[in-house]
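In what follows, a single structure is set out as structure tokens and then discussed.
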Amino acid sequence: MKIKSISGNTSVSLKRSIDAGTEEQRKAVRGIIEEVKKNGNAAVSAFTRQFDGADVAGFRVSEEEIKEAYSALEERDLEIIQAAIFNIKEYHERQLATSWFYHRKDGTMLGQKITPLDSAGVYVPGGTAAYPSSVLMNVIPALVAGVDRIVLASPPGKDGKLSAGVLAAAAELGVTEIYKMGGAQAIAALAYGTETITPVDKITGPGNIYVALAKREVFGQVDIDMIAGPSEIAILADSTANYREIAADLLSQAEHDAMASSILVTDSETLAESVLKEVYRQLEHLPRKEIARQSIDNYGLIYVTETMNEAVSVINELAPEHLEILTVQPDALLGQIKHAGAIFLGRYSSEPVGDYFAGPNHVLPTNGTARFSSPLNVTDFQKRSSIISYSREAFRANAEKIAAFARLEGLEAHARAIESRNREED
């Protein structure tokens with residue numbers, strides 16, 4: 001991590017591009033997908049043995065396994081999951097869109113019909129780690145949207161089991177169609193189906209490069225949420241901010257991934273220098289310090305600007321996944337922020353608050369795509385159909401214009417379709 005003083009129209013970036021994978025990786029993913037399409041369950045089983053070291057007799061999690069998960073989970077952990085569910089549901093229920101219609105004076109009725117997807121597949125990373133928060137953040141928007149069938153897939157550990165936290169989180173949300181499969185083979189099975197797995201309409205959830213490439217490959221057969229890159233945090237701070245807290249928040253993202261990006265933007269050189277020293281001091285005491293060190297060394301940066309307005313401009317150019325505003329009046333700057341996946345205001349809104357508990361979704365656009373993308377939300381699991389009911393009066397008043405417009409585009413059959421009705425009316 002280093003300090004860089006900038007001013008004026010200096011260009012900034014997150015210092016990396018979305019990983020499109022190597023040609024070898026892309027070829028491997030295409031091969032896995034084709035094998036699953038051809039051989040179904042047998043292919044998924046073979047790849048699970050090869051990549052996860054697990055020999056899973058049946059992919060689907062049984063009721064007994066869910067009961068075992070509840071028994072293995074500490075009561076306090078279950079209570080925390082339940083509290084998070086309440087918060088996340090409460091937030092996402094406010095996003096729910098409904099159908100609407102209106103009438104014109106000529107009797108025309110127009111509208112928009114909102115319909116939930118029939119099915120969704122949620123991918124949850126697994127193996128040596130457990131991410132019940134990914135279950136909550138991907139399943140709850142689909143539930144609120146009204147999706148009837150929600151399927152969960154997660155790679156098993158070498159013992160052939162999924163984590164108790166993941167299973168309990170899914171069960172608390174009423175998801176019981178859970179499969180012990182991961183990687184590109186899971187994405188292929190969800191997209192194309194197997195002898196025992198019915199394909200879904202949309203796939204969401206994070207994963208490694210093979211999962212990301214597989215999602216890219218199956219897009220079009222199914223919808224996907226996004227192709228997310230490594231995690232990012234940007235902190236906008238003035239001289240009133242606490243340098244120890246800033247360092248801790250920067251490291252909270254750095255420990256995710258060696259390619260995670262942690263950036264401070266400030267108009268205070270004194271704060272910048274204090275944060276730089278504190279980051280490396282705290283780093284030494286982290287269990288995942290080697291991963292965090294690679295991230296901080298390669299993708300950590302502190303920008304020092306001359307004014308706070310310049311600092312805000314830097315943030316908008318970065319368009320970060322997570323943005324913390326740690327200034328004397330964070331609310332006053334909110335209106336100036338145009339591009340960020342999630343915005344955390346004030347010292348008590350540390351980024352992990354949003355990761356797990358506050359309510360907003362933690363599936364966020366990365367790598368500057370917050371310029372044109374949004375967090376995962378309820379509308380991602382809903383479709384919109386336009387409704388047109390033209391009255392006789394409206395048709396007769398506009399038929400000539402519509403036919404003329406069709407001929408303007410050289411589409412004679414369109415024009416005649418309109419005129420055929422006019423002739424019937426005469």
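Cβ coordinates come from backbone N, Cα and C, glycine included.
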Taking Swiss-Prot at its word that Ser231, Gln253, His256, His322, Glu409, His414 bind substrate, choose the one of Asp159, Asp201, Asp355 listed for that site.
Asp355
Integer Cα-Cα distance in angstrom, Asp355 (substrate binding site) to Tyr123 (NAD(+) binding site):
17
Euclidean distance between Cα atoms of Glu409 (substrate binding site) and Tyr123 (NAD(+) binding site), Å:
45
Comparing the binding-site residues His256, His322, His414, which residue's C-beta has the most other C-beta atoms within 10 angstroms in this structure?
His322
Note down the number of other Cβ atoms within 10 Å of the Cβ of Gln185 (NAD(+) binding site), including every protein chain shown.
28
Report the member of Asn208, Ser231, Gln253 (the binding-site residues) whose C-beta atom has the most other C-beta atoms within 10 angstroms.
Gln253
